[in-house]
Amino acid sequence: MYVYDGDSIYAPLVAVLSGLIVPEVRGNETVPEVVTTSGYALLHFFSDAAYNLTGFNIFYSINSCPNNCSGHGKCTTSVSVASQVYCECDKYWKGEACDIPYCKANCGSPDHGYCDLTGEKLCVCNDSWQGPDCSLNVPSTESYWILPNVKPFSPSVGRASHKAVLHGKFMWVIGGYTFNYSSFQMVLNYNLESSIWNVGAVSRGPLQRYGHSLALYQENIFMYGGRMETSDGNVTDELWVFNVRSQSWSTKTPTILGHGQQYAVEGHSAHIMELDSGDVVMIVIFGYSAIYGYTSSIQEYHISSNTWLVPETKGAIVQGGYGHTSVYDEMTKSVYVHGGYKALPGNKYGLVDDLYKYEVNSRTWTILKESGFARYLHSAVLISGAVLVFGGNTHNDTSLSNGAKCFSADFLAYDIACDEWKTLPKPNLHRDVNRFGHSAVVINGSMYIFGGFSSVLLNDILVYKPPSCKAFRDEELCRNAGPGIKCVWNKNHCESWESGNANLLRAKCPPRTAASDDRCYRYADCASCTANTNGCQWCDDKKCISASSNCSTSVRNYTKCHIRNEQICNKLTSCKSCSLNLNCQWDQRQQECQALPAHLCGEGWNHVGDSCLRINSSRESYDSAKLYCYNLSGNLASLTTSKEVGFVLDEIQKNTQQRVSPWVGLRKINISYWGWEDMSPFTNTSLQWLPGEPNDSGFCAYLERAAVAGLKANPCTSMADGLVCEKPVVSPNQNARPCKKPCSLRTSCANCTSNGMECMWCSSTKRCVDSNAYIISFPYGQCLEWQTATCSPQNCSGLRTCGQCLEQPGCGWCNDPSNTGRGYCIEGSSRGPMKLAGVHNSEVALDTSLCPKEKNYEWSFIQCPACQCNGHSTCINNNVCEQCKNLTTGRQCQDCMPGYYGDPTNGGQCTACTCGGHANVCHLHTGKCFCTTKGIKGDQCQLQSAD
């Protein structure tokens, strides 16, 4: 349900209601209330899935107090502004709707604090007390939530899928999704001491975006990726740096190492840390790429060298996705990654509750205990040895609701030392705080949550103050503190896990039960089976079972695993990402990435693109090298593609045992012409000559310095250290074809939906998206309507009938003076037609001259005029077509008579069938004849049949 503050969809959007929206605590709260101030409200309901719920009730009132003052005040007419009303709150209640309690139990006055009635109406606690009502000691063994007073409380601050980082006393918020970008501020900061929002004084910088990442290093905030909603709606690979001191932006263009990739992603996360080597690196984790799909890769940006790298990782074979959350733990030098929206087995997609650990120095993945609560677009922070996870989108139903809400206030804690999850109490505040797409940072040991989405864009701040380890005076109480914190007893006092010794904690975790076989069965490969904490073993090289079960041949350490190609390939979710792996191939029919069978090239060969390559380090002359390859049914390699060149260079660089400078299949054909052994010309593109080459004495080429892809000419009788052979692939998969154009690059509904159900077209945003990424492409309901097969016209003017016109929320019908059902469809509102202008038709204005009432034209926006005869008849009794003329028939004269064809809607004409006397009727719309004479065929019965 879309709610606009105006009488058209071109008015500001103020709410998008979806799913179950009843309060978390029934009776404590009313359902969401939306206020419009323009004098109008347009409600548009659209269901984008076959999903069954019980329905909804809508109530509205005009010029009334918000939420009817929540039962804690009375609605009063303003003296200064005529007809304006406001809530006059009862004592101990405040807020526009009198929905915020204050000074409970009089703040424990006088011992604990006092109630400030003159200022912000809140408790002011004495030094040794804390909490919203001053009832907790300082320090305290209990936790609490508060909603601090924030100034200014501006709606324009509200946003979702933004990111926030802490620098000094300021929380910097950058980017995010909002309903209306015209007044959107890209950079904000929140002063923790004064609780005041400030707008960053930035003159120029990047375009607005959401779903990006932020990471702080010294005084620079690094922003990577994200979706640029206000431009083409695509995902970017831009890397921007915001300097906090100068409040200025600069852009970085990193050098991509080797022949690697840089993935433009959204819904990822990033952290900056110093490695053991001293190198400072930003790691970018997972995300969704509009070209390569859900990425499972780690991307590294090395700050000092301005280089970009996608490294190979070890350990478990993990599945990446969109909208996870992650935290970096300085003590374990690891990143903990939870949840997200991912690709699942069997070409399915959905939410997960996975928890991974990534050790940044060894680049090793480990699978940890899952949370049991699948979600995405949630937040996480690390406080005192616990990963605190809040909120998120938990909706994972199919056609029937099991009660999963889109907006969650779930509060979870993961104990790093003990690999255990606990559920914490949800915030006990005066109103619901369910949300997703929010941010969270740690400030002075407390978690600050900002913004997000819960049918409306939120602009509030939530603060969670956890228990303090210092409050536990007894060793046993200290060790058992939690859930939500981890404390250690050290030298007769209790301190937080960060300041203690992690090794001391191992004996203090509860005993773990052995995993069952059912729990281990979920891991389909050896590495994931053994690089986890669930107590599993890889048995007989075929299945994952409990470590306590009997097994004849067992592997319990991932370093002993033999990685198979199929385990890697089935994690790749798009044709493009599949094609990047030399051992994988995309099956267009099954729409999945499959491992190439070993027999395609044979043992010792590597499948690279359309060829098989083999590198040998033996010292040979050119002719001897050529003979070596010939005996293996190949030839010296013609390295004509960047994929082949990249593979050879990478393999040579890996060989650190000996220097390899191999012959390649390039030789001088005549005095001025160099050509490859496959007779293709040398173009000096993928591989280039070293400076001063080719020299006059050399007629054959070899790779002299692989690091710079340099070729050097040498006499063919000379010796070179190595050779590269090539042969064709044997019996490739017949279902493998070149990758189709990615959905995101298709710019019209027709080419978007031309390949079955692979892509979906969103007509309201004019974007084509992968069907497997529809949910994450529009996480905030940005798509009003989508198509997967038939395409409706892109603009209102392409709709020919009033019925078709009014089905589109942005269109209205101008009925002409004949009152026969003729007219035209045009963008509009309830008051009249609209004139669109500006980028993406962002500028709209009412223009009644487009449907002049003074000339007897009639404007319809909600309901069509009664007479709908398509211009071929007048009406009797207002809505009954009297007599269809112009060769038309039907209740609304919408069809051609038998023997004629065409589209008679809205005054269209009918044309006689042209069948040469061999048919009496033809197709009503196309004119294709239904031939009745034996031996005659063709659209116009103009051909003779062979039989």
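Glycine residues also receive a Cβ, built from the backbone N, Cα and C atoms like all the rest.
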For the disulfide involving CYS98, grab the partner from CYS89, CYS107 as TrEMBL records it.
CYS89
Recorded disulfide counterpart of CYS884 (TrEMBL; options CYS875, CYS893):
CYS893
Can you check which residues sit near CYS89 (disulfide bond), meaning Cβ under 8 Å from its Cβ, same chain, 6 or more apart in sequence, and list them in order?
CYS69, HIS72, GLY73, GLY95, CYS98
Rank the disulfide-bonded residues CYS75, CYS98, CYS884, CYS896, CYS910 by the number of other Cβ atoms within 10 Å of each Cβ, and give the residue at the low end.
CYS75
Structural state census, the domain 'C-type lectin' (608-726) (DSSP three-state):
26 helix, 44 strand, 49 coil
Within 10 angstroms of the C-beta of CYS893 (disulfide bond), what count of other C-beta atoms is obtained when all protein chains are considered?
25
How do the residues of the domain 'EGF-like' (61-99) split into helix, strand and coil according to DSSP?
6 helix, 12 strand, 21 coil
DSSP-wise, what's the residue breakdown of the domain 'Laminin EGF-like' (867-912) into helix, strand and coil?
3 helix, 14 strand, 29 coil
Between the disulfide-bonded residues CYS884, CYS893, CYS896, CYS910, which lies closest to CYS65 (disulfide bond), Cα to Cα?
CYS893
Near CYS65 (disulfide bond), how many other Cβ atoms are within 10 Å of its Cβ?
19
Cα-Cα separation of CYS893 (disulfide bond) and CYS910 (disulfide bond), in Å?
11
Take the C-alpha atoms of CYS884 (disulfide bond) and CYS910 (disulfide bond) and report the distance between them in angstrom, rounded.
12
